[in-house]
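Here's the structure, in structure tokens; my notes come after.
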Amino acid sequence: MALQIPSLLLLAAVVVLMVLSSPGTEGGDSERHFVVQFQPFCYFTNGTQRIRYVTRYIYNREEYLRFDSDVGEYRAVTELGRPDAEYYNKQYLERTRAELDTVCRYNYEETEVPTSLRRLEQPNVVISLSRTEALNHHNTLVCSVTDFYPAKIKVRWFRNGQEETVGVSSTQLIRNGDWTFQVLVMLEMTPRRGEVYTCHVEHPSLKSPITVEWRAQSESARSKMLSGIGGCVLGVIFLGLGLFIRHRSQKGPRGPPPAGLLQ
């Protein structure tokens, strides 16, 4: 059965055991208090993307033993903790390591979290070329992924349907002022005619991945395409002007001229 702790103890839980000790002879010194503390901590980075689990053992306000999931074992902080460290590493180490998942991760996922942590923002994806396009010349494709939340995201490059792993680099996650993130993922490549490059983005806010394509083409083909688009735009403009002028010319009143103009 998975070990569970209340949600209020996710970041810090303190169990204080008061052990009262009195002298063995009657009428001796007044009773003395000895305080033993056990403090477990769960540290989260970007949700559950990275979790660190730390437990501290304290005797009379002095830490003597610690477990840190980044270290992976119990370590004595003072000489007092050395026997306990050896014993716990033999008897409880695997169970304590598992508590990173059974305690920290489990409670994070099961506990009601603030609205800001439940927020989902879908990324915007745009592909651009770092330099003017030229076939058979080294270049860099940039996949700009912006305005997404939470931070967990996976961006991959494909060429003609095959994933590219060589020549891929990425910036660190960049925080925006509205809590969203952005990242740039670059692909060093040499474009050749007919090749199709795809930026593939996976994110918790998406039901299915976003894929944006970029196709390599020659300058002449690009010029013809731009000329065709320009011709279509001009055609639409002139057609609109013609219809407007025709409509205006038909709006005037019809009928006989005014009587004063008759000879």
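Every residue gets a Cβ built from N, Cα and C, even glycine.
For C199, the disulfide partner recorded in Swiss-Prot among C104, C143 is C143.
Of the candidate ranges 215-224, 225-234, Swiss-Prot annotates residues 215-224 with the feature region 'Connecting peptide'. Mapped onto DSSP helix, strand and coil, the region 'Beta-2' (121-214) counts 0 helix, 53 strand, 41 coil. Long-range C-beta contacts of N46 (N-linked glycosylation site), restricted to its own chain and to partners at least six residues apart, with a cutoff below 8 Å, comprise P150, A151, K152.
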